[in-house]
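TrEMBL has this to say about the protein:
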TRANSMEM  20-42  transmembrane segment
TRANSMEM  57-74  transmembrane segment
TRANSMEM  86-103  transmembrane segment
TRANSMEM  154-173  transmembrane segment
TRANSMEM  203-220  transmembrane segment
TRANSMEM  232-254  transmembrane segment
Amino acid sequence: RHGAVKNEDTFKTSPFHFDLWFYFTLQNWVLDFGRPIAMIILPLEWFPLNKPSAGDYFHMAYNVITPFLLLKLIERSPKTLPRSMVYVSIIMFVMGASIHLVGDSVNHRLIFSGYQHHLSVRENPIIKNLKPETLIDSFELLYYYDEYLGHSMWYIPFFLILFIYFTGCFTPVEEESRMPVPALLLMGPSSLYYWYLVTEGQIFILYIFTFFAMMALVMHQKRKGLVLDSNGLFLFYSFIITLVLIAVWVVWLWNDKILRKKYPGVIYIPEPWAFYTLHMNNFHAAKESL
């Protein structure tokens, strides 16, 4: 029955959700990480610049499949979770991802016209010479919807739902606090995707606050004699590995002066696509000139 209350005092055992975590990781890699790659490698004549690209269709599929998987994940929690908050978060997630779809579609199509992601909107050669100059304001508005509003409405509900699910991943049974082999195999791809999500989405503050909240909850529940089950361990360890990957990424690009200029301030975490347009494009151009 919808809305039925589960008996939280019994702490029902929740086995590792290999099917959901596998589908979740697969569609994240294919439909999110893979969408700009599909747009670049597929022939341009198949998807004219004034029509949706292959990556846009990937994004549309992502906007439908991801909320469905998140709802299924919440349904499998052994605890009763706040349904109203989950539903509102899902609605906000779909709105934010849809806003991002439009802005990201235009911004990535601009690559074919020479747009460089490692530069700000006004510093891009194809933008700063636009006439009238008010057109530049329109492109900055597009960038705002893509990188700020869209990302906020997309990622805040996403991490909130993961944290809500995480609150139900505790058990008093020590034997349940271990991960099966499938979980260990999925941890690498899952952590690497979260690294991409945090760096490309520029959401380190949101990620680190979610991670700290997870740590605080783990310590609080430990005092009650509760430990993480296999699903909670999978999520928690994935976040830890993600933090390590982010640290390696930052150290590697620490002395990059051009990226430093685009990402000023205390928190310096370059976007992978900015790195690509700055270094990999130059690498390909030099290779073709040989």
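Any Cβ shown, glycine's included, is placed from N, Cα and C.
Long-range neighbours of the transmembrane segment (86-103) within the same chain, counting only residues 6 or more positions beyond its ends whose Cβ lies under 8 Å from a Cβ of the stretch, are 56, 59-60, 62-63, 66-67, 70-71, 74, 142-143, 145-147, 149-158, 160-161, 164. The list of residues near the transmembrane segment (20-42) in space but at least 6 beyond its ends in sequence, with Cβ under 8 angstroms from a Cβ of it, reads 53-56, 58-59, 61-62, 65-66, 69, 72-73, 76, 108-109, 111, 182-183, 186, 189-190, 193, 196-197, 231, 234, 273.
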